[in-house]
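Below is one structure; the comments refer to it alone.
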Amino acid sequence: MEIVMAFVIGILFMSATYLMLSKSLLRIIVGTGLLSHGAHLLILTMGGLKRGTVPLLDEKASAYTDPIPQALILTAIVISFGVTAFFLVLAYRSYQELGTDNMERLRGTEGND
Amino acid sequence: MKTNDIILQTTTKVVVFIIILFSIFIFFKGHYTPGGGFVGGLLTSGAIVLLLLAFDMKTVAEILPINYIYMTATGLLFAVGTAAGALFFNVPFLTHAFGDVYLPILGKTSLHTATIFDLGVFLVVVGVTMTIIQTIGGDE
Amino acid sequence: MSLLHLAIISPFLLAILVPILYKSFRQIHTGWFVLPLPILLFSYFLSFLSIQEPITKSVPWIPFLGIDFIAKIDGLSLLFALLITGIGSLVVLYSVYYLSKDKEKLNTFYVYLLLFMGAMLGVVLSDNLIVLYMFWEFTSFSSFLLIGYWYHKEKSRYGAQKSMIITVFGGLSMLGGIILLYIMTGSFNISEIMEIVPSISDHTLFIPALLCFLVGAFTKSAQFPFHIWLPDAMEAPTPVSAYLHSATMVKAGIYLVARMSPVFAAEGLWLWLVGGVGIITLFWGSFNAVKQTDLKAILAYSTISQLGMIMSLLGIGAAALHFEGIEKSVYAAAITAAVFHLINHATFKGSLFMVVGIVDHETGTRDIRKLGGLMNFMPITFTLAIIGTFSMAGLPPFNGFLSKEMFFAGMLRVLELDIFSFETWGLLFPVIAWLASVFTFLYSMILVFKTFTGKFQPEKLEKKPHEAPIGMLISPIILASLVIIFGLFPNILSNSMIAPAINAIMPGNAADVHISFWHGFTPELFMTIGVIATGILLYISLPKWRRVYDLFPKKLTLNRLYDGSLEFAQSISKKLTSGYMNGSIRTYLVYIFSFFIVILASTIAVKDAFKMDTSNISSIGFYEILLALAIVVASISILFAKSRLTSIILLGSVGYTVSLFFVLFRAPDLALTQLVIETISVALFLLCFYHLPKNSKNEERIRFKLTNLLISIGVGAIVTVIALSAHSNKMFDSIAQYYVENTYEKAAGKNMVNVILVDFRGFDTLFEITVLSIAALGIFTMIKLKMKGGRKNENK
């Protein structure tokens, strides 16, 4: 399964990159969202998949899945939510102020940098 | 947000309480089973978002007159306070303590300072999510 | 933390209080609150006069890097500490009368001044080179702030920037030297380095380290060719010039040379460079001082030249290391002269700066072409000026005479030196020294007689001149009395201060220092008489030969070089930056992603890290394949989505699939969190787009671009390769077992993930919620606080 996941993650990263290189601000944000999904799955896969039961001691199993990647991802999920929200509002406000979400038109001019 | 969906409103009235109760349950059980401050907080904010969808901003603000920024700050204070409290017992920052207490009806109950820390997380998550949603939603 | 550390830190602590005191007591001049501190510190340091052995106190700072805050006080440090606090007290007292409490921003002035005082004490009292460097840069920084104190003046800003660039350049070079020394000796502590030095003097890095240190010292002490910043630094308020740019900060370079002498002085290059640069600076400074018309500019060049003189004495004195017996003490006498002149210079130059400040303050100008005949209006100031300048010119019975005699004696000794090929070029030293002294005499006379005698020209002055208030006169009077006292009774200093300082510069050379007034008819005396005679002759004929200065090409000055290279650097860096910073986010992302691909691919190739190991993989289930397909389809179809809504919904579906993956991969906490957060995110996205106006222009597909496709395929491929290799190369055992064993033992919890979050790795969580709160505040501000310009836009 790890091999399959490696390719799934690769495809997620690829789409994310392609989106981020586009001109529309919204697509860039969607791209960052995809990128964080890919990263979370990457961390989880790195720790090894299905190596034991869920990391709850009550299960009294002989082996548990590695809890550290999970803890890291939990933190990452919430942070990426915060970042996405921030980006969104940034896009929304710049749209309001500047009337466009085309990145090519949002370039700073000479003397305005 | 204008809605006059009577079905959604009626369901919401019931469901919101269930979600909030569930979120509190999941928050307290977090140390032993899946759950904790993050999920609890997110669920609670999910419930409030549902309220916002069913009713409008003003109604919700009347039902829950909470300043979410203060809530965030309170949560941060809880978390930092618990962490710093350890310093008074001459142990490193963020050391938690726990112990068992016998309560009359409940019997043996274990108490953790980690729960207070988690409560801080809970409050911050609710506060932050709702601040974001409220400010965007309230913007004209 | 010892009392000594507290003494270094106390100016910084007071600096924190100054703005509060300024705001609370507006009627009282802030200087009065500052004044007690240097006086207190001065008397504290006086108590060290009787110490025999150096006192060392250490406070750990970054112990594993060998960096500790070691305060060490020996003869040399003590001498400087007394200068810093003593002159500091007088300068603060003087500034109380010099700076008006109604017009000036006294809070910032005294904060900067205290910062400087603390930093300077730190420089002279640190034994650890890194700590010394830190304080060293701090003095450059506070000097920058003080020169730019009247920042509304163009010249102040220029001077501040210039001094900053040059001294920080020197500071960085010194840091390089410190690191080189550390590579050779393995220690940052000067006292330890001194012990190791004999064994490393053949090291290839030894000479580079020496050069680096000297660049640091020369820039700080305004030695040729780095002296150009000092005249421009005269834009600072006069108390600052008196304090930083004559008595203390510029002597930090002298201090460094003296302090590092035991380390480097055995090297012939050191003798040549310190002695040579010093003597060139001495001449060049005094020569240029004569042509100046601004009183402070004369003093600035005079300071440069006097610093050169001390520097050259230190260089010649280093020859003592190569001799034994009587010859040794002969060259060590040059060091005595250096230390003695260091004190003398602080006294007479300090008082002269204050005198010039008084003249400026009471007449409104410092231009000697406008001044003249002030003697009758300012008799006390005139007397003080006479004492200061005569001492500077080296006339008896002032202290300057004594140190000048000793200087001549030292320079004459160079003739007898027969090491490091001094026998060929050594003759230049006494000759240049004598010439420079003639010019020194000359500008001293110009300074005092052009200002105070001659024709009084009231029409050129802004104010009607009169004697300064008594408060302003106290400090120069004290300094001038010291000039006379040290001149008549030099030996009150010799065993209390000079001998311990020499002992610190030349360890194991506890010669009895005795300075005598009358040497008999020695060559030195005849040299002095020659100086006076020639000087008077030149002063009288000054108008006739003044044109000599016009012979120097105006376009080839060092200042031109400095300005030119600064402009060049700016234009080059601007061109370079605008070449790749074109303002388009896509370009930047292309850079980032290409770099990502290149770096990672080449690392994998070089390290031969790619490995695919299929032996230890988990089974593939039906549902997992289904989910994998779903996620691939969804993420690819986002690329072809036409409307914004579709792409948001597709992103949401990817998110929900990820949460289902979490379920399958035994991560219930993650699944729960992902599920809820995806819901809220989608709500958030929709909320944002509910408010945005429809814009058909954006409702189009992404236009296909080959570069984008190639880059994204590259990123995807690299990540896949990394995922595969990371899975196949297991270099360490997982640390998961620790959590499995200790979750219940140490934290009394059973959900490992939650316990890690709130207990084992609580710091992560603490900062995570902090980041979240900051994001929320940022969003809140972006929406609630709209700029006025934005509002206008909306109304359109």
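Note: Cβ is positioned from N, Cα and C throughout, glycine not excepted.
Annotations in TrEMBL come from automatic prediction, not curation.
Pulled from TrEMBL:
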- C:66-104: domain 'NADH-Ubiquinone oxidoreductase (complex I) chain 5 N-terminal' (DOMAIN)
- C:126-415: domain 'NADH:quinone oxidoreductase/Mrp antiporter transmembrane' (DOMAIN)
- C:630-694: domain 'MrpA C-terminal/MbhD' (DOMAIN)
- C:706-784: domain 'MrpA C-terminal/MbhE' (DOMAIN)
- C:109-125: transmembrane segment (TRANSMEM)
- C:131-151: transmembrane segment (TRANSMEM)
- C:163-183: transmembrane segment (TRANSMEM)
- C:203-219: transmembrane segment (TRANSMEM)
- C:240-257: transmembrane segment (TRANSMEM)
- C:299-323: transmembrane segment (TRANSMEM)
- C:371-393: transmembrane segment (TRANSMEM)
- C:427-449: transmembrane segment (TRANSMEM)
- C:525-542: transmembrane segment (TRANSMEM)
- C:648-665: transmembrane segment (TRANSMEM)
- C:704-724: transmembrane segment (TRANSMEM)
- C:765-783: transmembrane segment (TRANSMEM)
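Assigned with DSSP, the residues of the domain 'MrpA C-terminal/MbhE' (C:706-784) fall into helix, strand and coil as follows: 67 helix, 1 strand, 11 coil. Within the domain 'NADH-Ubiquinone oxidoreductase (complex I) chain 5 N-terminal' (C:66-104), the DSSP-based counts of helix, strand and coil residues read 24 helix, 7 strand, 8 coil. Helix first, then strand, then coil: DSSP counts for the domain 'MrpA C-terminal/MbhD' (C:630-694) stand at 56 helix, 0 strand, 9 coil. With pairs at least 6 apart in sequence, the transmembrane segment (C:131-151) and the transmembrane segment (C:240-257) have 3 or more Cβ pairs within the 8 Å limit; the two touch. Non-local neighbours of the transmembrane segment (C:109-125) in the same chain are 4, 7-12, 14-15, 18-19, 22, 30-31, 33-34, 37-38, 41, 71-73, 76-77, 80-81, 84-85, 88, 91-92, 95, 99, 131-132, 134-136, 138-139, 141-143, 145-146, 149, 237, 240, 243-244, 248-249, 252, 255; each lies 6+ residues outside the stretch with a CB under 8 Å from one of its CB atoms. Tertiary neighbourhood of the domain 'NADH-Ubiquinone oxidoreductase (complex I) chain 5 N-terminal' (C:66-104): same-chain residues 2, 4-5, 8, 26, 28-32, 34-35, 38-39, 41-42, 45-46, 48-49, 51, 54-60, 110, 113, 117, 120-121, 124-128, 130-131, 182, 186-191, 237-239, 242-243, 247-248, 251, 255, 258-259, 339, 342-343, 346, 350, 354, 357, 361, 468-469, 471-472, 474-476, 478-479, 497-505, selected by CB-CB distance under 8 Å and a gap of 6+ residues from either end.
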